[in-house]
């Protein structure tokens with residue numbers, strides 16, 4: 001290292017402490033990167049890689065970004081999962097003796113972003129930590145940009161932890177060694193959550209006592225939340241990481257909430273994905289999800305809270321009914337609803353404004369936005385207090401309008417403050433007497449200079465004479481060359497020669513300039529100091545504003561759900577603590593929004609006495625999967641407190657929803673479609689209770705016909721006899737309908753269709769009784785498969801259906817079913833060839849509903865090629 005210059009030695013010394021981050025090293029107006037950081041950054045950020053002499057024989061690789069544009073480049077690195085250490089000059093270069101002193105003032109990671117431009121407005125940016133003791137896990141989550149901090153515990157498998165984390169969608173997950181060295185755990189977290197995983201060595205962490213002391217200081221009065229050793233460990237781990245990366249006080253992070261996962265409906269990762277709660281399955285986008293439909297919020301913090309409600313439906317009947325009552329009050333008074341909406345539109349993102357104020361990064365426009373937001377509160381309070389909802393009235397009563405903060409900002413900050421806080425023009429006139437005096441000096445000086453121009457024109461007779469200013473030469477008198485002869489030689493002092501003019505000064509002008517610039521410099525410094533004082537004063541009241549933000553966000557979510565309820569004619573469901581699930585005229589909320597009045601509604605009745613398991617049969621495209629999804633979504637919406645798309649409904653509170661819907665390989669995890677199917681089914685059978693709701697769609701289709709049928713029957717029996725959960729089980733194995741005669745709580749229903757003039761019409765109506773046909777060939781025809789293929793398939797099907805079915809297959813269960821023995825059709829003399837038999841089996845097992853038209857066409861082309869030899 002001694003071969004390098006002192007500055008490069010300083011860089012290497014600092015870099016050694018932040019090896020896992022890009023070091024942005026401040027040099028004047030640029031952040032520079034050196035050595036390997038420069039090489040990697042030049043590729044990731046598409047920067048020009050240059051070199052610099054650093055004292056060694058070879059030039060040092062270097063690239064850089066302008067200081068004012070650094071956020072853009074840092075954001076791109078963070079988006080790609082990298083960390084950035086910001087190294088600033090911490091002393092005035094003009095006062096430095098030797099190398100300017102530099103320090104890392106902050107480390108920005110995917111889970112610790114504060115910059116507004118790097119954050120999604122309507123999404124939280126959670127950082128999570130996980131610790132484990134024996135089979136007991138503790139989870140901490142925090143959003144630095146809003147000040148939230150949550151703690152909970154989970155026992156069981158890794159998947160239980162991942163399911164809990166999935167509700168927060170953390171950008172980064174912290175794990176201590178040795179958990180961070182557990183390859184299986186690390187792989188599950190990265191594959192299923194897509195989060196950046198940061199492993200921390202326990203040797204460098206504070207002791208339990210030190211962690212407790214730091215937490216006590218950060219969250220006064222919250223000691224009980226982390227009383228157990230495992231919770232103290234995880235909370236301390238996350239808080240320590242925040243301290244190490246932020247290197248400053250985090251006054252806005254003052255709320256620590258410990259919750260019991262049992263307070264909420266549990267939704268595993270599969271259920272969230274299959275029900276498309278926040279993103280769609282195909283595109284992975286918000287548009288088309290349930291969140292997209294329900295999000296009519298007027299504020300960013302309301303949108304974020306709505307997602308939390310959607311991710312964690314309630315089990316407490318009282319809390320559910322409080323929310324319902326508020327929505328009902330809005331729906332019954334649409335004028336008040338519109339006035340509330342107008343009021344909410346005037347509220348900015350209070351949560352993140354509070355964070356920036358406490359963090360010391362808020363500017364004048366942020367304080368102005370805070371003032372405008374607080375000014376909207378009195379009208380909101382008045383409207384809420386007049387509603388028929390006790391819950392809304394209570395919210396209104398508890399709202400602190402923060403009038404003193406409004407007054408402080410109004411008296412100190414101008415109406416349209418500049419973006420920068422170091423260039424002046426942001427403090428109100430009359431707020432500070434000393435500042436007003438400095439401004440008077442500036443105004444009088446500029447007035448004198450303005451009059452000087454007129455006086456000199458008259459005195460010299462040069463009408464084009466002007467007084468100007470630039471940052472290099474200050475104030476000057478400019479005379480064109482053509483008029484120089486009119487200026488007496490001793491009148492001015494020559495300052496600068498231009499191509500077509502001369503610039504002059506006078507002693508009096510220089511004195512006025514000194515007075516103006518001195519006053520201006522002092523006033524800018526004073527404005528900055530005064531602004532910081534105002535910001536710090538407001539920061540002391542952050543807890544009040546945060547509480548108000550929570551209340552406004554709740555109002556916004558309830559208002560949003562009321563807007564949706566009114567728009568789509570949703571009704572209030574009745575919530576009960578028993579096992580009944582009754583839906584009359586249920587609709588799929590998102591599909592209905594897309595197709596409008598054409599959507600066909602359906603009924604549902606489940607209980608644990610007579611209708612525990614609905615066995616759903618019927619053709620592809622008849623609406624079985626939609627029916628199952630809408631039943632789960634209606635239940636979930638009801639328990640988050642929303643109105644639901646039904647004529648009427650009675651919802652017995654459900655503790656978990658399990659889903660096995662759709663077919664897709666887990667390419668990242670290396671699992672086949674069938675393995676994914678079995679894994680999700682295992683989760684349901686192993687974790688469901690009698691209060692759960694299970695959706696199983698076409699279980700067993702990923703293997704051979706008989707294997708699939710045997711599995712399907714065994715699963716139905718197990719749920720009926722051992723689990724007791726309310727279940728919707730759709731199948732193409734029509735033979736399973738016989739189970740309704742053997743199992744007293746299994747009921748057959750089917751997706752109805754009719755044949756008319758040789759065509760099949762799907763009615764999308766669920767009715768009692770089983771179906772005996774799937775109409776797969778008709779679906780293939782709708783998908784546009786070649787006519788020859790359709791005709792041949794019809795011939796094969798006709799042959800199968802006319803074959804004698806005189807054999808029975810005994811499954812290893814207590815129930816014997818007469819199954820399709822279609823092999824009989826192909827064992828007779830002069831029957832089909834081996835290739836044709838394989839084609840029949842392939843065509844029979846092909847699931848059109850879960851393949852695109854192009855995939856189906858390619859499948860049939862391959863089938864044709866195999867038949868042609």
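Cβ coordinates are placed from backbone N, Cα and C, and glycine is handled just like the others.
Annotated features in TrEMBL:
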- 618, 619, 620, 621, 622, 623, 624, 625: ATP binding site (BINDING)
- 692-708: domain 'DNA mismatch repair proteins mutS family' (DOMAIN)
Intrachain neighbours beyond the domain 'DNA mismatch repair proteins mutS family' (692-708), with Cβ under 8 angstroms and 6 or more residues off its ends: 274, 581, 606, 624-625, 628-629, 631-632, 635, 654-663, 672-674, 677, 681, 684, 715, 719, 723, 725-733, 809, 819-820, 841, 844-845, 847
Tally of residues which DSSP labels helix, strand or coil - the domain 'DNA mismatch repair proteins mutS family' (692-708): 4 helix, 5 strand, 8 coil
Per-residue pLDDT averaged over the domain 'DNA mismatch repair proteins mutS family' (692-708), given as an integer: 82
Most crowded position, judged by CB atoms within 10 A, among 621, 622 as binding-site residues: 622
Fewest other Cβ within 10 angstroms of its own Cβ, chosen from the binding-site residues 618, 623: 623
Neighbouring C-beta atoms (10 Å sphere around the C-beta of residue 620 (ATP binding site)): 23
Candidate with the highest Cβ count within 10 Å, taken from the binding-site residues 619, 624, 625: 624
